[in-house]
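Here TrEMBL flags Glu297 as active site, proton acceptor. Per TrEMBL, FAD binding site is recorded for 178-187, 211-213, Arg323, Gln334, 391-395, 420-422. Per TrEMBL, substrate binding site is recorded for Ser187, Ser233, Lys234, Tyr288, Asp295, Leu296, Glu297, Arg298, Ala418, Gly419. Positions annotated as domain 'Acyl-CoA dehydrogenase/oxidase N-terminal' by TrEMBL: 36-147. Residues annotated as domain 'Acyl-CoA oxidase/dehydrogenase middle' in TrEMBL: 177-272. According to TrEMBL, the domain 'Acyl-CoA dehydrogenase/oxidase C-terminal' annotation covers 284-432.
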Amino acid sequence: MQRWLPAILRRAAPAVSGGGPGAVRLFSSSSLLFDETQEQFKESVHKFAQEAIAPHAGAIDASNHFPKGVDLWRLMGDFNLHGLTAPEEYGGMGLGYMYHCIAMEEISRASGSVGLSYGAHSNLCINQLVRHGNPEQKQKYLPKVRSQTVNTVSFIRHSDSSVVAMLTAHCGEHVGALAMSEPNSGSDVVSMKCKAEKVDCGYVLNGNKMWCTNGPSAQTLVVYAKTDLAAGSKGITAFIIEKGMPGFSTAQKLDKLGMRGSDTCELVFENCFVPHENILGKEGKGVYVMMSGLDLERLVLAGGPIGLMQACLDVVLPYVRQREQFGRPIGEFQFIQGKMADMYTSLQSSRSFVYSVARDCDNGKVDRKDCAGVILFAAERATQVALQAIQCLGGNGYINEYPTGRLLRDAKLFEIGAGTSEIRRMIIGRELFKED
């Protein structure tokens, strides 16, 4: 077992022993999916998220900002949730995708917005640097563990831009992001127009990127651009971009339907010089970096809709016990019980699918159709579960004093981001057709 994990479990429990607003008992059937240490990790992250994140979820949605006066990035970093898959030698925890999906689920259960930003930071940025960065890049961008005692372990990974330059837990934190899509290149991402012209000692980037999660606050970004306009998919290269590079700026923050507070914006590159050493992977191999990363991105992000489905049940189950009509709790009526059964089976089937694929990935078996399949299935189920939650609450489900509307708006994002449901079906069908 990785040496830091037991310390995390020990230090986590006292800080959040009472749970928090909205904390409810976890479904015991999860024991079929996790070993004992993973169960303890899940319980610890659940308690942390319910106390530190869940109380702010409604305000984050209403204000479209993370709370002022509470540094959620730092809190997650202090709890060692950043860099879960990064090697210990670079300040990570050296854990696998089972743990990453668990963290994504529990953070999203507390707040879909925080969960999405966390996933973009810890997977889309950090994990790409871990998988494709050279030793010098890892040394620069993946901070090392700095701990004095077991009780003060702090993996700044989050801090450091997702990983940027060796900060201590008490220094400024950095946030990471990834940018592929453009105003006119979403599903057809290979048609991107952002170009990188080769010059002495590096490249000059010109163009725009769109829908960049964490874009307004990120200090380190993985950005894709065309280094050879005539080479099609073989002319794309991945770059590490740092905030403050001359010629790089962020445009308007987008006003989204859901996932509000998870800052999203357009990126602008105007004669932005990027040194050669900031190539991530190899020149012209950006599509390989992109596609291999997308498989794992889809897997980890699939923890988001699972967390949202669980959050729906967290609202519905107490409500149907307390709300009375015709002289008895509405949970006694078969129509309501049927909806609860549908919600529960959607959650548990999605959860089983996601964690079985995560286990395969931890064992080195990354299957593109399964990674697309888990987020396709979980995302569509989450939207339906959120609609059922609203229906169970009736008129109360339709007012913003209850969180069900927010959960629905947040859930819909997962049918669009990280590849639309249509693209996921195309990937699965294509992979099946290629098989013998």
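Note that Cβ sites are derived from N, Cα and C of the backbone, with glycine treated the same way.
Nobody curates TrEMBL annotations by hand; they come from automatic prediction.
Sequence features annotated in TrEMBL and their locations in the structure.
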residue	record	Cβ neighbours (10 Å)
Leu178	FAD binding site	28
Ser181	FAD binding site	19
Ser187	FAD binding site	13
Lys234	substrate binding site	14
Asp295	substrate binding site	18
Glu297	active site, proton acceptor	23
Gln391	FAD binding site	15
Gly394	FAD binding site	12
Ala418	substrate binding site	25
Ser421	FAD binding site	17
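Closest in space to Asp295 (substrate binding site), of the binding-site residues given as Gln391, Gly394, Ser421, is Ser421, taking the CA atom of each residue. Around Asn184 (FAD binding site), the C-beta neighbours below 8 angstroms that are at least 6 residues distant in the chain are Ser191, Lys193. Note: the Cα of Ser181 (FAD binding site) and the Cα of Glu297 (active site, proton acceptor) are spaced 15 Å from each other. Note: the domain 'Acyl-CoA dehydrogenase/oxidase N-terminal' (36-147) comprises 79 helix, 0 strand, 33 coil (DSSP; helix = H, G, I, strand = E, B).
The two recorded residues, the residue listed as 'active site, proton acceptor' and Lys234 (substrate binding site), show a Cα separation of 22 Å. Rounded to a whole number, the distance between the Cα atoms of Ala418 (substrate binding site) and Leu178 (FAD binding site) is 11 Å. Secondary structure at Gly394 (FAD binding site), as computed by DSSP, is helix. Separation of the C-alpha atoms of Ser421 (FAD binding site) and Lys234 (substrate binding site): 26 Å, rounded to the nearest whole number.
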